[in-house]
Amino acid sequence: MADTQYILPNDIGVSSLDCREAFRLLSPTERLYAHHLSRAAWYGGLAVLLQTSPEAPYIYALLSRLFRAQDPDQLRQHALAEGLTEDEYQAFLVYAAGVYSNMGNYKSFGDTKFVPNLPKEKLERVILGSEAARRHPEEVRGLWQTCGELMFSLEPRLRHLGLGTEGVTTYFSGNCTMEDAKLAQDFLDSQNLSAYNTRLFKEVDREGKARYDVRLASVLCAEPALDSEVTSKLKSYEFRGSHFQVTRGDYAPILQKVVEQLEKAKAYAANSHQEQMLAQYVESFTQGSVEAHKRGSRFWIQDKGPIVESYIGFIESYRDPFGSRGEFEGFVAMVNKAMSAKFERLVGSAEQLLKELPWPSAFEKDKFLTPDFTSLDVLTFAGSGIPAGINIPNYDDLRQTEGFKNVSLGNVLAVAYTTPREKLTFLEEDDKDLYLRWKGPSFDVQVGLHELLGHGSGKLFVQDEKGAFNFDQETVINPETGERIQSWYQSGETWDSKFSNIASSYEECRAESVGLYLCLHPQVLEIFGIEGADAEDVIYVNWLNMVRAGLLALEFYTPEVSSWRQAHMQARFVILRVLLEAGEGLVAVTPTTGSDGRPDARVRLDRSKIRSVGRPALERFLRRLQVLKSTGDVAGGRALYEGYAAVTDAPPECFLTLRDTVLLRKESRKLIVQPNTRLEGSEVQLLEYEASAAGLIRSFSERFPEDGPKLEEVLTQLATADARFWRGPSEATLGQA
């Protein structure tokens, strides 16, 4: 059997998202709007398969064929007859549910490959003897021959997502290196093109000259179009001795489906903001225009307090090894009014709370643009995973001048982050009951502060294309050096493009630190209805949770290549290091032996020193993070952040040794089962599924009732068309299906 790092255990937690009551309260028109937006999101989410690994689309197609012909119960009978044990068949169901849940065969949280926890020969017998194989023998056999080896392979380079020799990615062709990624980013910056909706493919001609294809995601391919905003960029360029070609049409048939559903949703929009937003999204996905998506995002920001909230596009750059390309995601949710009222009160206090942050006012936005902040019950979240909260859009220019929205995903928080006492690791027994009691409320506070005042704070110093600055060069002083500002962002540069592969984690660290820092403010906890001794307990549990999370983060560090695989967890480890460095017994991480005789560890936080020792340490660290970000000081930012993110076996903590303990006792992230909506006549029905691997599989088997087989054909055709870009000695069979 495979190393436990690379399998999903049979007893993995599975939870169902509950949005029944919120959906029931929607009007018929709101339900239709939500339905078509959900369809758009689910169609677009299929693009993630093509953004993950070369084999992911084939695995998805194979699993979908299997479970369309036989549901999990029917296939079970066949599997047992073929000689599988109950545990082996359950392992296969968990694997299939994991592929659907992560939209690929790499974990969305950690970017680690997972493989079926049963013998390959046994799974082959089940697949080739299945009802799907009986009906379509050549197709099923071809899919298996294409992806079977890669499905199980744990060759070192295939164990994690990464660039070049460090892992697998389909944002870049297999021959691209970090140097290629940097060159391409410089090229994109020179043409004022965003990387968000692109992939990069490299070929080398007979003379050894590199030729790069920058491919934009769009419905249109080579067709002529009126939109000069994009079409004027579709041409060949010579840049620093290399040839670049900008093309479009990536994921075209998938985005066509997205566009069709967005057009249908427009008929049920509640106001002109929503109509114009959807029109711009259609333009963006049709033409391949990030600028159109920005315009749509402006209308989205202006659509205050909608009953049905949504966002869709190439959004988060966590899984691009370079940190610039967005993974497709789309969500649809309904407002939870009770929790939203608390968040609105937090928004009302935001301008005052921003003044409490430890950097000069010149490093804060000129004007706080009051955002929406709502708690939502998710109906649909399509992509590789579901977060607890979101602060979007990610476009720096919009965030600085026009604002953003914050959302907390209430029904996700209710199920995804709960842990039973017996599975609660690395805490003292005396802390466990307090932790379980207050983790939920403390998480609400932390998510609120993280999204609104973490991601929502801070100014970037920019010189625009006309040479004008958005800060006073004569009077603004760097508080770390006592001198005037020496560096800034040039026109066309963004936070992501400038700080590249540390940008996401650095920003998550800044936001988490703001949450810890401001939760000490009495006004914050009063807003959430928490006072007195309860408030002190919530503060303690919030800080304790961050310290514990910093230890758990070691699961996501790869010592072989000295790299982190998950931005949020790297951020939490950095905060742990900062608090350990504060000294005076504030935090301790101690190796122990568990009651089972195996290695264990305990984290301790001295609650009496949170304000006297922890707060000043966090204040100094936060100020440095913000100053380096504001000034675009990449060298200083990297030195600071990568210094704290380094994992060594130096005493007293011996983190590399502790990592082995964390892996020994790790708890797999839960799988989330989402409902479907179905249009019956003019009414929209909500279809719910049981909280199990089989229930998750059924939800996907019923997700595309009209065109499932056609979508799988499209996915494999798109994958096959590009297979040559990743074909190597171990991948020679790719593209034969």
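Going from the start of the chain as shown, residues are counted 1 onward.
Just so it is clear, glycine is given a Cβ too, placed from its N, Cα and C backbone atoms.
In sequence order, Gly389, Ala511, Glu512, Val514, Gly515 are the residues near His450 (Zn(2+) binding site), counting only same-chain partners six or more apart with C-beta under 8 A. Taken from TrEMBL, the feature Zn(2+) binding site applies to His450, His455, Glu508.
Just so you know, the Cβ of Glu451 (active site) picks up 28 other Cβ atoms within 10 Å once every protein chain is counted. Sequence annotations record features per position, and here TrEMBL assigns active site to Glu451.
The Cβ of His455 (Zn(2+) binding site) lies under 8 Å from the Cβ of Asn391, Phe404, Asn406, Glu507, Ala511, each of which sits 6+ residues away along the same chain. Other residues of the chain with a Cβ within 8 Å of the Cβ centroid of His450, His455, Glu508, the Zn(2+) site, are Asn391, Glu451, Gly454, Glu507, Arg510, Ala511, Glu512, Val514, Gly515.
Across the structure, Glu508 (Zn(2+) binding site) and Glu451 (active site) are spaced 10 Å apart at their Cα atoms. For Glu508 (Zn(2+) binding site), the Cβ neighbour count at a 10 Å cut-off comes to 22, with all displayed protein chains included.
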